[in-house]
């Protein structure tokens, strides 16, 4: 199961108590203080790893505890430190403090770590309190409590390119034919209920990552359809690719599906979710060009998106394998050159 949000209570270990002890050796009847310090409590550390793809492990595991430090011993022996506890999360996970609302960390690299709860210091043994006037102190201190926090973990997938569009326009088919990903594909809305990632191998052994964002509909920013739970993943992508289709005129849909109207709805949803997304480079892909009623509108749609809106436009058929190499070239060149076309200034109203 794909889970991209979880709440976890973290409790660092308590420091071990300092010891009260005196030297007990033969021929030393009045041995001095020998109580050692307590060990440090273990910390709770969040670690990003490419081996994790979801936060599902923490959907039901509500509490993560680190080990307490051990108490000090005689002969000035310091107690053993508590073992740290690690929370392994996918790369791209944000860590929020639920109480304060503060964003604590954004883990973007494999192996990156962040201490979310620091272990308590160990207490001091009575050997620490010996003075010239008090050679047999009985004072010793307990260990300190470790930090506790309630965290909200939020995963935002990291991909070079995000495919967005209405349900069943062919996003999953596209990602399956240009990459090694094998998402579930069927001709009904919301086939894709989790984001899919695919690695596209391009010429010169270059690779880039494409994310198939589950189908959006009007009102997605406020929770309609699959809601905003997957819109967050768009924020990590460098290039947004709008996948559009034309549907035939039917009795219950005399006008069919209008790709221009669909594009406007999706862009408006992105704007309402996060206006900064409109600054993201965009590209338009018209899918199912092998169908006559789609091919009939290709030039009209190309003129609208390329000439009027200044957006890169390409017509393909994922199912019939038409223009797929050109699509990969356009995507790869955009990633390498960082030249994706103009910003959507026409939507700044």
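Sequential numbering from 1, following the chain as shown.
Placed from the backbone N, Cα and C atoms, the Cβ positions cover glycine too.
Predicted automatically and left uncurated, TrEMBL annotations should be read as such.
Lifted from TrEMBL, the feature list:
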BINDING   165-172, 190-194, 212-215, 287-290, 317-319  GTP binding site
BINDING   172, 192  Mg(2+) binding site
DOMAIN    1-158  domain 'Obg'
DOMAIN    159-336  domain 'OBG-type G'
REGION    60-83  region 'Disordered'
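Feature annotations (TrEMBL) mapped to structure.
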residue	record	DSSP (3 states)
165	GTP binding site	coil
171	GTP binding site	helix
214	GTP binding site	coil
288	GTP binding site	coil
317	GTP binding site	strand
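Only residues 6 or more beyond the boundaries of the region 'Disordered' (60-83), in the same chain, are considered here, and those with a CB under 8 A from a CB of the stretch are 7-19, 21-24, 34-44, 117, 119-120, 122-123, 125, 127, 140, 143, 146.
Once Cβ contacts within 10 Å are tallied over all protein chains shown, the binding-site residues 168, 172, 317 are led by 172.
Around the Cβ of residue 288 (GTP binding site), 23 further Cβ atoms fall within 10 Å across all displayed protein chains. Computed over the domain 'OBG-type G' (159-336), the whole-number mean pLDDT of the model equals 80.
In this view, residue 171 (GTP binding site) is surrounded by 30 other Cβ atoms within 10 Å of its Cβ, with every protein chain counted. Using DSSP to sort the residues of the region 'Disordered' (60-83) gives these counts of helix, strand and coil: 0 helix, 5 strand, 19 coil.
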